Amino acid sequence: MTSPIRLAINGASGRMGRVLLDLARGDARFALRAAVVGAGAEPVGAPVGGVEAPGALRYSAGWAEAPPLDVVVDFSTPAGLAAALDHCESHGIALVAGTTGLDAALEQRLQRAAGRIAVLRSANFSLGVAVLTRLLRQAAAALPGWDLEILEAHHNRKEDAPSGTALALGRAAAAARGTTLEAEAVYAREGRPGARRAGSIGFAAVRGGDIVGEHTALLAGPGERLELTHRATDRAIFARGALAAAAWLAGRAAGAYTLDDVLMADA
Ligand SMILES: NC(=O)c1ccc[n+]([C@@H]2O[C@H](COP(=O)([O-])OP(=O)(O)OC[C@H]3O[C@@H](n4cnc5c(N)ncnc54)[C@H](OP(=O)(O)O)[C@@H]3O)[C@@H](O)[C@H]2O)c1
């Protein structure tokens, strides 16, 4: 694309949304055209950036007044993502979706939408996690008899558990072992759950303070163990990855894309 990409941020008042707004406003690849927040959210109608001026971009609740767009970047809530998806589908706009904790119905809607618009989803937009996923696929396949546990830690306001990233890691490892997460996942243990079932993939979630996001894939064999860990210390990594994905996705044909597609293009 030659002219700046017309961009909307959905969930613009959230932790991720605020970082995305800061980065996008200083990024010459983009023309920021909409900052969408939940209905009744505090900043509705206020100018983005805080400076009153005629024609200033303002936070909006919903999509009714949205201008023409090339791409929407969504880090909001499942309901917020569903509303953005409606708008993108009916106007042929590409969608980068970062929201996690979706139910099966919304997962299916996103898959169907990829028949009509370009949709790029990732449970984790960091480069380090993309590489961790590749390393885990290798390790899970090379050590098939070892017990695999996925541990994650996040801030105390996170609503879903295990994290979307932990589930994506589990899915990647299960596929590398020729099975599925549905068949192997163990999400909770308490009381007397009995001995660990061979081949299962266990999850543990820690919540506290302002932890941005930590994931460890622990592979335990007889007499040794391997731990692959990623620690995010700054949410800007997710925002940078999502904006790189948006720049790559704008103008593409309909389809379901992943962060790997963007990384391969850069490789
Ligand atoms: N894929 C990744 O790399 C990645 C990285 C980090 C986070 N995430 C995910 O991204 C999502 C947001 O994370 P966060 O930490 O930024 O959460 P957050 O701080 O709670 O922000 C979510 C924002 O969405 C707003 N919202 C609610 N309903 C909305 C609607 N209908 N339309 C538009 N906006 C709406 C909320 O506004 P109100 O507070 O006013 O309701 C809130 O400001 C979560 O699902 C999180 O797990 C993904």
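Yeah, the Cβs are placed from backbone N, Cα and C, and that goes for glycine too.
Where the annotation comes from TrEMBL, it is an automatic prediction and has not been curated.
Since the structure is predicted, the reported quantities are computational estimates derived from the model, not experimental observations.
Listed features, source TrEMBL:
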type     : residues                                                                  : note
ACT_SITE : H154                                                                      : active site, proton donor/acceptor
ACT_SITE : K158                                                                      : active site, proton donor
BINDING  : G11, A12, S13, G14, R15, M16, E42, G98, T99, T100, S122, A123, N124, F125 : NAD(+) binding site
BINDING  : H155, G164, T165                                                          : (S)-2,3,4,5-tetrahydrodipicolinate binding site
DOMAIN   : 5-125                                                                     : domain 'Dihydrodipicolinate reductase N-terminal'
DOMAIN   : 128-263                                                                   : domain 'Dihydrodipicolinate reductase C-terminal'
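Here the features listed in TrEMBL are placed on the structure.
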residue: G11; record: NAD(+) binding site; DSSP class: coil
residue: E42; record: NAD(+) binding site; DSSP class: coil
residue: T99; record: NAD(+) binding site; DSSP class: coil
residue: N124; record: NAD(+) binding site; DSSP class: coil
residue: H154; record: active site, proton donor/acceptor; DSSP class: strand
residue: T165; record: (S)-2,3,4,5-tetrahydrodipicolinate binding site; DSSP class: helix
Please report the distance from the Cα of S13 (NAD(+) binding site) to the Cα of K158 (active site, proton donor), rounded to the nearest angstrom.
15
Could you say which of the recorded positions R15, H154, H155, K158 has its Cβ with the most other Cβ atoms inside 10 Å?
H154
Those recorded positions in N124, H154, T165 whose CB falls under 6 A of ligand 1, listed in sequence order:
N124
Relative to the Cα of G11 (NAD(+) binding site), which of the recorded positions H154, H155, K158, G164, T165 has the closest Cα?
K158
Do you know the mean pLDDT across the domain 'Dihydrodipicolinate reductase N-terminal' (5-125)?
96
R15, E42, T99, S122, N124, H154 screened against T165 ((S)-2,3,4,5-tetrahydrodipicolinate binding site), Cα within 10 Å - retained recorded positions:
S122, N124
Rounding to the nearest whole angstrom, report the longest C-alpha distance spanning G11, A12, S13, G14, R15, M16, E42, G98, T99, T100, S122, A123, N124, F125, listed for NAD(+).
28
Compared by Cα position, which of the binding-site residues R15, E42, T99, S122, N124 is the closest one to H155 ((S)-2,3,4,5-tetrahydrodipicolinate binding site)?
R15
